[in-house]
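*Asks:* Per Swiss-Prot, the features are:
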type	residues	note
ACT_SITE	Asp7	active site
ACT_SITE	Glu66	active site
ACT_SITE	Asp139	active site
BINDING	Asp7, Asp139	Mg(2+) 1 binding site
BINDING	Glu66	Mg(2+) 2 binding site
Amino acid sequence: MRILGIDPGSRKCGYAIISHASNKLSLITAGFINITTTRLQEQILDLIEALDCLLDRYEVNEVAIEDIFFAYNPKSVIKLAQFRGALSLKILERIGNFSEYTPLQVKKALTGNGKAAKEQVAFMVKRLLNITSEIKPLDISDAIAVAITHAQRLKLH
């Protein structure tokens, strides 16, 4: 089974695809979609086109998205919600469903502590997947963590 984990952002959208087979997790690919255009419509289109390419290329079975966190800037939250809405619609069209996890759920699943720092989550991602190189930016390790969290939830059900 292939799981796509997404950490949506207003400038960078982290993604990771992991394989979950025979109780073993392995990283297939990870990166981020850089959102560089200035018009919102173009940003959404760029994001959706990149998602389409990932879904086509890697034959994803499951998708998990990190939920919106609390932010002090209402404009950022609204923009992020628009991106998530567009991502959600495309995923529903292509896959049929998706799961959502809060940052607290992801941190707790990987570290046992819902208030863990991003660096602790990145450390556990590397440890669980036997990754020796540095994972930068942290949007990528967050996306991997979302995918791992979903794989753990699937094992429980």
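Yeah, the Cβs are placed from backbone N, Cα and C, and that goes for glycine too.
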*Asks:* Distance check, please: Cα of Asp139 (active site) against Cα of Asp7 (active site), rounded to an integer number of angstrom.
*Replies:* 6
*Asks:* Within 10 angstroms of the C-beta of Glu66 (active site), what count of other C-beta atoms is obtained when all protein chains are considered?
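*Replies:* By my count, 24.
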*Asks:* Taking just the CA atoms, what is the gap between Asp7 (active site) and Glu66 (active site) in Å?
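*Replies:* On Cα coordinates alone, these residues lie 5 Å apart.
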*Asks:* Specify the count of other C-beta atoms within 10 Å of the C-beta of Asp7 (active site).
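*Replies:* Other Cβ atoms found within 10 Å: 25.
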